[in-house]
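Peer 1: The following feature annotations were taken from TrEMBL:
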type	residues	note
COMPBIAS	499-516	compositional bias 'Polar residues'
REGION	479-516	region 'Disordered'
TRANSMEM	26-46	transmembrane segment
TRANSMEM	72-89	transmembrane segment
TRANSMEM	159-181	transmembrane segment
TRANSMEM	297-316	transmembrane segment
TRANSMEM	381-404	transmembrane segment
TRANSMEM	424-445	transmembrane segment
Amino acid sequence: MAGGGGKAAAGGGEAPAITLEHTPTWIVSAVCFVIVIISLLFERLLHRLGKRLKKSRKKPLYEGLLKVKEELMLLGFISLLLNVFQGLTQKICVKASVMDHLQPCKLDFSGAKTAKTTAHLAAAGVRRLLAGGGAKSDYCEKKGLVPILSVEAIHQLHIFIFVLAVSHVVLSAVTVLLGIAQTRKWQHWENKIQASDENGMMKEHSPLGKWIIGMKLSGPQMIKHVQEFPFIKNHFKGHGKRWKTFGWLRSFLKQFYGSVTEEDYVTMRLGFIMKHCRGNPKFNFYKYMIRALEDDFKKVVGISWYLWAMLIIFLLLNVQGWYVYIWISAVPFVMLLVVGTKLEHIITELAHQVAEKHTAIEGELVVSPSDELFWFHRPKIVLLLIHIVLFQNAFEIAFFFWLLVTYGFKSCIMGNKGYVIARLVISVISQLLCGYSTLPLYAIVSHMGTSFKKVIFDENVAEGLANWAQNARRRNARAARTQNVGDSPVDESNVGEVQMTSPPTKSVQQGTARLI
């Protein structure tokens, strides 16, 4: 806290730290006024944004905004803990030799430098976020020891956690928006399909259209060889291990250019509709896909417990001479390439399944979505890996700029200059590749599983189905408890009713369970 001047200590010593009781009231009130105004403006901004998202019926994005608010509240709580316990950490003293292990930068705590070092650590207390406490900074120095964590180190750690969280939220939002923008051309393909269906419906009501439809119904549909379909021709090159290896190599390269073609979109769209919406051929697959991607955004933008655990491991491994960060920065890039290759290969496998079972196909080409195409039969694993990649990239970028502003580019903790530049370039490339290719691939390929997502329904319908399924579970639980009680008489007239109504309730429960 800034304040007025103070008299110098006798003998030419340093000026004492000015506490709140000696700070002019106009300075205290002015600082509080500025902090409150900035906080209120930010809160109003989030509130306005939330109202606009609710008004435009963007519930997934609104829930993502609520997730951001939760992260900000968590950051506030972390900040409070760091400030409250910073005085306690000054009383936790250790020997200077303990500080020689696992250092990001070597610092000699022994011999003649001990007094100078501890004096520096004590002087850093004037920069603490909460004023006062100068007497505690020399608590360990009087014992010939050093504090386990200086006030300045706590302050810098506090800033780094804040920068990391903000970077993760901002970069995740930018990546998702870039992925949605990359899928805009798919909307043109969807509109073209919808327009052709509408033209077909209009022609059906004309006399010539009725005659043509009657001829189609009375005679067989056109039979094509599987290699005549562009989707099969582009993805299926033959049988055997040699062609399977070629398929993986092609999937790896294709994620960098034209990851999803029009034939891919049309074929996967038809496969999804025939699997889940057979009675609604005019189903708008593009809108469903974007709603599902927006729903996944609220999961990607948050910082889960395993990401905090990864952060702690990263900070532990930041030891001088280990050069661990160059490998840590390469891991998300390699992981992203593996995920992109897998998603592309799922499209190839869809083509292989059709080509291996059929020589010729009558009518349209229909693929068969299945969870068996994904790792461990769980499509959600792909989203988890993307979440980890985005957090690791945010960590690398936030860590670089935090070190640059706090210590400078030539500081010891920054490390080898070539490694630093390589890490930053890899992180930026990973971020762009994720938004340009991997996320759009996930947006469409993730729906090639056995089940569908609840956003396939309208918001009110989805909530109604969820409540219906929950009530069905409760009724089944009460019915099971009633059957276990053997002393209550059972009306024979109701036995048949129970037997007739129980199976539909169970089937409804199973059917709604997969979309919740």
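In case you wondered, yes, glycine gets a Cβ from its N, Cα and C as well.
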Peer 1: Please indicate, using numbers and ranges, the residues of the same chain that are 6 or more beyond the transmembrane segment (159-181) and have a C-beta under 8 Å from a C-beta there.
Peer 2: 68, 71-72, 74-75, 78-79, 290, 293-294, 297, 300-301, 303, 311, 390-391, 393-395, 397-399, 401-402, 406, 431-432, 434-436, 439-440, 443
Peer 1: Count the CB pairs under 8 A between the transmembrane segment (424-445) and each of 26-46, 297-316, 381-404, then give me the winner.
Peer 2: 381-404
Peer 1: The transmembrane segment (297-316): which same-chain residues, six or more beyond its ends, come within Cβ distance under 8 Å?
Peer 2: 60-61, 63-64, 66-68, 70-71, 74, 102, 164-165, 168-169, 172-173, 176, 325, 328, 383, 386-388, 390-392, 395
Peer 1: If we skip the immediate neighbours and take only residues 6+ beyond the ends of the transmembrane segment (381-404), which ones have a Cβ under 8 Å from one of its Cβ atoms?
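Peer 2: Tertiary neighbours of the transmembrane segment (381-404) are 159-160, 163-164, 166-168, 171-172, 175, 296, 299-300, 303-304, 306-307, 310-311, 314, 325, 328-329, 331-332, 335-336, 339, 342-343, 374-375, 411, 413-414, 420, 423-424, 426-428, 430-431, 434, 438-439, 442, 446.
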